[in-house]
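Following: one structure in structure tokens, then a few remarks.
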Amino acid sequence: MPKTIAFKHDTVLLHETVDMLEVKPNGIYVDATLGGAGHSEYLLSKLTNGHLYSFDQDETAHENAKVRLSEQLAEDKVTLIKSNFRYLKSALAELGVTKIDGILYDLGVSSPQFDDSQRGFSYKKEARLDMRMDQNQTLSAYEVVNDYPYEALVRIFFRYGEDKFSKQIARKIEQARKIKPIETTIELADLIKSALPQKELKKKGHPAKRIFQAIRIEVNDELGAAEESIEQAIDLLKVDGRISVITFHSLEDRLTKTIFKEYSTVNVPKGLPMLPKDMEAKLKLINRKPVLASEEELEFNNRAHSAKLRVAQKQRD
């Protein structure tokens, strides 16, 4: 058997995410975030004559999956799609797929992307500022940090990083780049630290975490892509089909919760004796409170601490 590519990635909420889809052995399923292929592999174990379509825009994820899922690929049980999941509907349509039985999302950055210092995601490892999930796109963290005006940086840091020192950090960046371009992750992390009061530096967690998150979200338009994709997924689902979404920070969770609430709520006009079928909510929430990782999982998978799983079921087209 071929050796797998170095793509160490502990799958979060593995069983919960797939099991709550109530997989039909002959169904059509989508893993919108292939990553390390953990969810795909487990979902495939539940299929007999069904088929799985797995999306990822990261080339390394695809190379890893070609090895990890080699048997299922040979049996034509899975199709790997190199694309941003915001093109979910059109990519599936090209393959003749217009309806699916279930879909899962594991949002956020895969561990290997953080671990590969050359990708420029980590504030702990020296690398050129990059943060592109799709290596073919032009916008990178370097352009955001060096070219965006002060006001745009403040907006991004506050909106996507929820950092109360957004103005101070943006000002420090603006001053530094007038002297020379800010080129590396450590250079940026040190700048962020220099903009913060001493008491902030003593708090738990890395002081650059929120700002790096904000820049990453901007570079990859993560929230915009997630919103577009989840909306498309709901439309693609067959009646009784399910959608599972794992989020890792409050912005992703709020977005998912808002979309699910919008599709699962009906404002019934007063005096209406019976609700017509076409006025029923499109979705039914399977869990009102998010599913969290078990104590057992938290012991071996640090990434699971912030993970939240929300699941919904399609009730009507």
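Glycine too: its Cβ is placed from the backbone N, Cα and C atoms.
Annotation comment: Swiss-Prot describes Ala37, Gly38, His39, Asp56, Phe85, Asp106, Gln113 as S-adenosyl-L-methionine binding site, evidence class sequence analysis. There are 27 other CB atoms within 10 A of the CB of Ala37 (S-adenosyl-L-methionine binding site), with all protein chains counted. Mapped onto three states, the DSSP output places Ala37 (S-adenosyl-L-methionine binding site) in coil.
Other Cβ atoms within 10 Å of the Cβ of Asp56 (S-adenosyl-L-methionine binding site) number 27 in total over all chains. Around His39 (S-adenosyl-L-methionine binding site), the C-beta neighbours below 8 angstroms that are at least 6 residues distant in the chain are Thr11, Leu14, Thr17, Val18, Asp31, Thr33, Leu104, Asp106. Most other Cβ atoms within 10 A: among the binding-site residues Gly38, Asp106, that distinction falls to Asp106.
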